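Taken from TrEMBL, the feature domain 'DUF1899' applies to 38-102. Per TrEMBL, the feature repeat 'WD' maps to 111-153, 161-203, 205-246. What TrEMBL records for 450-473 is region 'Disordered'. Feature annotation from TrEMBL assigns coiled coil to 476-503.
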Amino acid sequence: MPSLCCGQMSLGFVFLCRKPHCLTVIRQRLKFKDTMRRVVRQSKFRHVFGQAVKNDQCYDDIRVSRVTWDSSFCAVNPRFVAIIVDASGGGAFLVLPLHKTGRIDKSYPTVCGHTGPVLDIDWCPHNDQVIASGSEDCTVMVWQIPENGLTLSLTEPVVVLEGHSKRVGIVAWHPTARNVLLSAGCDNAIIIWNVGTGEALINLDDMHVDMIYNVSWNRNGSLICTASKDKKVRVIDPRKQEIVAEKEKTHEGARPMRAIFLADGNIFTTGFSRMSERQLALWNPKNMEEPIALHEMDTSNGVLLPFYDPDTNIIYLCGKGDSSIRYFEITDESPYVHYLNTFSSKEPQRGMGFMPKRGLDVNKCEIARFFKLHERKCEPIIMTVPRKSDLFQDDLYPDTAGPEAALEAEEWFEGKNADPLLISLKHGYIPGKNRDLKVVKKNILDNKPAGNKKSDLINAPKKAADASNPQNDAKLDEILKELKSIKDTISNQDERISKLEQQMAKIAD
């Protein structure tokens, strides 16, 4: 029998010889196998499993809005799901408690104070009962939803914010400061409001020459990034009212782009190439000459809406009109944007809601939950990482942003910054009692122009005499003490109620 050399086979066995060239071949093959092993990147999110819920857990018979606007049309939090719907004679959206699944009656109450179609909605991250809406009627409205949901249609907002001259297509709450709301309109202006006083405190009306497609806050709310129809992505310091960084032709295609901040300060964008291929890119705002990564995906027309989870560094891309959700992990290793998998279904999506981390079921290793809008229904889709253990998975659930604001609005407008206040999900998240949104509008009479100076001079001594009256001073002190006492009592009762609710929830579990 002729002698067999390395790589030749006889009866299923490989006979290895010790000739130098054969040893080289063996080393090369082992090196190639080792390289291939390293190409298959280690990640705990490689096997994210997506599943749509059963039909009886969907929200059925909903007339989802047909407005041709590229927003998500849906906003969710641990208590409610809100969906923009078709409405005759104005704009409206549904607010449903999460447990209110099944067929939704046509007479179910809506939030319907706008006189034009609603284009965008956003839940306040610091109060699960407060939601903002932007509309074609050029206004932004902020609403307080009753704790158990609507029993009657809501027509009176807590506050109406007027300042835009064209339709308002974007509303976004500040991630860490209470009562700070951003709105952007088709007048190419961005306005930042103090909702607590109903005032527009920052107006960025000269930074965009064309329509703004989207606006995103960074992690601590010190910067915003915008994507515009002029194909530019801008990084803006809103309080200094200056552009910090700018990139022309981020994506060369003419169709709408999106740009969002990541937790590390980089910017992730989606758009179209000159050949109408959908693209995604990663940018460093300190050097925007070239992207860190740029990938082409497919040639579909749908605008890619990015949803980002800062805890796991996963980005989910939901194309309008697509029937799939693609997800990618962002890391420090090349190629930086790593494709993980695709969740596919039969029906195309008209919009999408994304649940905050504190609204997920940690006992089922759920890392994301989407609310997919069809033409006539809303279908929850649950993303899980299968694990054999029933114990809490610390690596899947690092501490996440909680509902407590790190700053008050006034502090942020004065120049302070703060990262989100984090909470642990080890024992799940139980929504606490939210305090009502109170709007104290500043008295416009305080800012009135100087009027009849003669009458002012006549009244001045009288006012001075009144102010110096010791009886009045004593009475004022008495009232202030009583007010403080009542406030302290209310605060103590709120804490007591909150503790009792937590005890009830534990007993129920």
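Here the Cβ of each residue, glycine as well, is placed from N, Cα and C on the backbone.
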Same chain, outside the repeat 'WD' (111-153) by at least 6, Cβ under 8 Å from its Cβ: which residues?
65, 67, 69, 71, 74-80, 82, 84, 87, 90-97, 100, 159-162, 164-173, 175, 178, 181, 183, 185, 193, 195, 356, 401, 403-405, 431, 433-437, 439
For the repeat 'WD' (161-203), what are the same-chain contacts with Cβ under 8 Å, counting residues 6+ beyond its ends?
69, 71, 116, 119-126, 132-142, 209-212, 214-217, 219-221, 224, 226, 236, 238-239, 241, 401, 405-413, 417-421, 437-442
Per DSSP, what is the helix/strand/coil residue tally across the domain 'DUF1899' (38-102)?
5 helix, 24 strand, 36 coil
Please list, for the repeat 'WD' (111-153), how many residues fall into helix, strand and coil according to DSSP.
0 helix, 22 strand, 21 coil
